[in-house]
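The structure appears below as structure tokens.
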Amino acid sequence: MNQQDKEWKEEQSRIDEVLKELEKKERFLETSAGGLKHDIIGLRKSFWEDVKVNFDDAHEAIETMASIKQQAELLSDREHNHRRMDQQLKRIHQLKKSPYFGRIDFIENGEEQAERIYIGLASCLDEKEEHFLIYDWRAPISSLYYNYSPGKAEYEVPGETIEGEMVLKRQFMIKNGTLKAMFNTDMTIGDEMLQEVLSHHSDTQMKNIVSTIQKEQNQIIRNEKSKILIVQGAAGSGKTSAALQRVAYLLYRHRGVIDAGQIVLFSPNFLFNSYVSSVLPELGEENMEQATFQEYIEHRLGRKFKCESPFDQLEYCLTETKGGDFPTRLAGITWKAGLSFQQFINEYVTRLSSEGMIFKNIIFRGQKLITKEQIQSYFYSLDQNHSIPNRMEQTAKWLLSELNKLEKKERRKDWVVHEAELLDKEDYLDVYKKLQERKRFSESTFNDYQREQQLLAAIIVKKAFKPLKQAVRLLAFLDVTQLYLQLFSGWGGKFQHEKMDAIGELTRSAFTDNKLLYEDAAPFLYMQDLIEGRKKNTKIKHLFIDEAQDYSPFQMAYMRSIFPAASMTVLGDINQSIYAHTINGDQRMDACFEDEPAEYVRLKRTYRSTRQIVEFTKAMLQDGADIEPFNRSGEMPLVVKTEGHESLCQKLAQEIGRLKKKGHETIAVICKTAHQCIQAHAHMSEYTDVRLIHKENQPFQKGVCVIPVYLAKGIEFDAVLVYDASEEHYHTEHDRRLLYTACTRAMHMLAVFYTGEASPFVTAVPPHLYQIAE
């Protein structure tokens, strides 16, 4: 037996020993969990039997409440323990398939013998709970595996740096408890393991792969010193994976201090949320809060306006370029996206401190109780040294006081008498009870008609005034819409736009139709918050923004203002800047962080696609030279010329059939717009089964789909077929980024179809990087 065979046998023997220990723990947990489940069912059934209920007097009531509380706490404790055991069992089931993926032998300075450290998805102690059989990949010592080759190495623990020497680094592939591959490596993560992982087919859920975390990704995951971490990464470089693993690391590292509810991920769309939803549970953690910026807008303004989505805005910009309002709309989108527009609003709100506030009349039953001029007069009578939000609060208090006075006067009006006549018996009984409580008269004097009518009037008017008072408390007397529109009448100072009048007219037209354009949403909310003084969210400790290039500088600055206490991890790729504000605008992700210390990380190496696909796609970019493909070989990309849409759909169907035979499970026909998707789907359905995805709330499923490029962002497919990459559809710089984004969704196969003349971004690719099919 040679040395390699001997080591293989030793490692398999250790795997077997670890599996035995895992099975012991599994049996113990299953028995304990079963007993707990039985207890929980029993407690639920007998809950009220074990509680002594007596509300006869105050003392008995207190005892009853204490008994209920005690029983509820007992049940809650049992349920919590059962959930914890269930999570532990799930973790053990995962570990049984593949207990660990790496081993390092590390000699700490001052020690003589190396410690063997096996690294896996979760930690596992021996039977006596004294020694680690497996270290969690997030443990401080595990960072050695990701950061170092054999030689001098160190890792951080709280308050100390542990130095020493790594004398061995070994990687494993273990499937269902059997050692399939083992190799020592001088690299951070060996190419053999990456090749194995990356050769798999795409799925409807993002894979959790902690065994192949690269050194540069590990620096993102474990970074705790940077308040703001900005990651610029090429398509397929592992940005999103690193972000989700960073969430898992933070939850592990700060267990008991931070929970999943204090971490928010802003992601591009619902489809993406569905795609990444399984990663954290697979890592043994609860999912963090996930939202899209559009969901936040709808939450704040959806009852007031029909809110345009970023997809509708982009669809407009891609399909309505010949419309008369298009140049004005595009100029408005670009202006409202920038930080200069934020300064424009800041100057405007400063001016509102002394003039220009617009209020609404307070109307009751068609009559003006308090006019907007009266409210404005009171507001500006207050000390101007006080902030606008402070004066708004004082104005609301004054209005409530005035309404209380008016409410008393209203009781004598004729409509109140009429309303009293319409009251049913229950209302009269309620009045009788209230009168008794006040001891104004007894049963023998209940015929005191005058007092009865007074109380009835008070109740009727109070009920009628309640919505008014509630609206005042919510500051609804402020006319935020007119204040925002007034902004375009030259009130914003030096940061005006040369087309401001036309932009203002277009904005007014949208508001007249009760429509909030996407480019107006963040500025509108920002201005409203400055005036009303909305409370900041200090509960959120970490904010993750994926596909950050999709957000305008204004939107990024606004999100920063919403979560001022949060650390931020911002991830994106400027080459995938496809949304409307980037057509003629700023594409930087860091524009709003210039006043805060931020750390920048660049991920150049891309792992998603084969080397052939990466070489093809990077050639489409002007600055793609520094993108590094991982050396995974595959088919050459295919460029297919077709004669018209009928031929295009036929050839697409043929290619889909070929790809299915090769075993590809997720195939995307990617179009430029949703409108094009609908047309393509109608034509292609005659030749093959294909699913149309053109709304963001549709789930991602296996099979063949037709999807617009902006909904495919952040997702990967086994094969991508680009629908009609002709010069007609892809010729501007913005189109270049759209086409690049579409092509970089492919893992194993890329085919680009076109009619007429090919896009200049396709013809710019050197011919030796693709194959041509007629």
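Any Cβ shown, glycine's included, is placed from N, Cα and C.
Note that the structure is a prediction, hence the values are computed from the model and not measured.
Here's what Swiss-Prot has on this protein:
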- 3-31: coiled coil (COILED)
- Gly34, Gly35, Leu36, Lys37, His38, Asp39, Gly233, Ala234, Ala235, Gly236, Ser237, Gly238, Lys239, Thr240: ATP binding site (BINDING)
- 212-610: domain 'UvrD-like helicase ATP-binding' (DOMAIN)
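For the domain 'UvrD-like helicase ATP-binding' (212-610), the mean pLDDT of the prediction comes to 86. Remark: Ala235 (ATP binding site) has Asp573, Asn575, Gln576, Thr606, Arg608, Ser609, Thr617, Tyr740, Thr741, Thr744 as non-local neighbours, by Cβ distance under 8 Å and separation of at least 6 in sequence. Packing around Gly233 (ATP binding site) is summarised by its Cβ count: 23 other Cβ atoms lie within 10 angstroms of its Cβ, all protein chains included. Long-range neighbours of Lys239 (ATP binding site) (same chain, six or more residues apart, CB within less than 8 Å of its CB): Val231, Gly233, Asp546, Leu571, Gly572, Asp573, Leu603. Listed in sequence order, Asp573, Leu603, Lys604, Arg605, Thr606, Tyr607 are the same-chain residues at least 6 apart in sequence whose CB falls under 8 Å from the CB of Ser237 (ATP binding site). For the recorded site, Ser237 (ATP binding site), the DSSP three-state label reads coil.
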